[in-house]
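Undergrad: Before I ask anything, here is the structure I am working with.
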Amino acid sequence: MAIPLVLVLAWLLPVVLAASLTQVNNFGDNPGSLQMYIYVPNKLASKPAIIVAMHPCGGSATEYYGMYDYHSPADQYGYILIYPSATRDYNCFDAYSSASLTHNGGSDSLSIVNMVKYVISTYGADSSKVYMTGSSSGAIMTNVLAGAYPDVFAAGSAFSGMPYACLYGAGAADPIMSNQTCSQGQIQHTGQQWAAYVHNGYPGYTGQYPRLQMWHGTADNVISYADLGQEISQWTTIMGLSFTGNQTNTPLSGYTKMVYGDGSKFQAYSAAGVGHFVPTDVSVVLDWFGITSGTTTTTTPTTTPTTSTSPSSTGGCTAAHWAQCGGIGYSGCTACASPYTCQKANDYYSQCL
């Protein structure tokens, strides 16, 4: 029986396999002993962007790849995904050692930067379009990379994290053995103090810091919601931004988007009643990175800042400019240094402005 010519030709055509998550064993110096996985779509953009996606404690690159679908949009927009995988301290990333917190100091942060350099070199990726995101430990690492390697990353989106250097000296990264004062929201500094930590991570750096987007649930019992306020204080001080106003029920009902400046450099999301794992809205993250929108747009708040009277605080202490001064669960200074007043962003966070 003769085989139809069309079937013969079809059999001879090359089979195009779907892209998949692939481990890279030799990406360069790896002081953090991390594993590297990448997703490279079959059709890359010209000078593709890079997104580094970092898992929570106890997780892995493969698990985080399956949790949030960044790979389907990668097929459409042609960007490359890097999934680092931690191997120590209950698979938590090192956000506590001076090595990881310091530019070119070593440990996990340098391993991740070397992964980025490998992808830029191997695939011709755009070094000006390197982004990062993560949940819990991955969100903490997003803050670490923003402080230690601001010249590598253009933007970041952190879900349930804490400020840069909040875990400094904790002794370990895992949630069981490490010092719990930061995760319980007990470490509170002024914006200037938090900013000093960042500047110490990369002495002499005078360039721009990554655009940052922070997400946190008000019912988080693993990493205190108070840490969102400290993140806000740290990065708005670094960027010199003031609170502009809120957008309620954005992007979901019960979520409040807190806008700083014109909204193009820093924004924070408060998720009412949400616990430790704030669901990741991939479309919002990609828009923030400028991958789907093509540019970073400014936003106009639907509410304006509410100025509240600064009450006297215990011990007569005063909060400095940019510092937190109120909110549910907050126990620090509630009076602001003159001439600033305590302005309410939402029920959980007020700031001296």
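The backbone N, Cα and C atoms fix where each Cβ goes, and this holds for glycine too.
For reference, Swiss-Prot lists these features for the protein:
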{"type": "ACT_SITE", "residues": "S136", "note": "active site, charge relay system"}
{"type": "DOMAIN", "residues": "317-353", "note": "domain 'CBM1'"}
{"type": "CARBOHYD", "residues": "N179", "note": "N-linked glycosylation site"}
{"type": "CARBOHYD", "residues": "N246", "note": "N-linked glycosylation site"}
{"type": "REGION", "residues": "19-291", "note": "region 'Catalytic'"}
{"type": "SIGNAL", "residues": "1-18", "note": "signal peptide"}
Undergrad: Using DSSP and three states only, what is N246 (N-linked glycosylation site)?
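TA: The residue in question, N246 (N-linked glycosylation site), is strand (DSSP, three-state).
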Undergrad: To the nearest whole angstrom, state the Cα distance for the pair N179 (N-linked glycosylation site) and the residue listed as 'active site, charge relay system'.
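TA: Between the alpha carbons of N179 (N-linked glycosylation site) and the residue listed as 'active site, charge relay system' there are 16 Å.
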Undergrad: Around N179 (N-linked glycosylation site), how many other CB atoms lie within 10 A of its CB?
TA: 16
Undergrad: Just to verify a number: CA distance, the residue listed as 'active site, charge relay system' to N246 (N-linked glycosylation site), in angstrom, no decimals.
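TA: Between the Cα atoms of the residue listed as 'active site, charge relay system' and N246 (N-linked glycosylation site), the distance comes to 24 Å.
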Undergrad: For N246 (N-linked glycosylation site), list the number of other Cβ atoms lying within 10 Å of its Cβ atom.
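TA: By my count, 20.
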Undergrad: Count the other Cβ atoms sitting within 10 Å of the Cβ of S136 (active site, charge relay system), across every protein chain shown.
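TA: Within a 10 Å radius of the Cβ of S136 (active site, charge relay system) lie 28 other Cβ atoms.
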Undergrad: Provide the three-state secondary structure of S136 (active site, charge relay system) computed with DSSP.
TA: coil
Undergrad: Kindly assign N179 (N-linked glycosylation site) to one of the three DSSP-derived states: helix, strand or coil.
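TA: DSSP assigns N179 (N-linked glycosylation site) to coil.
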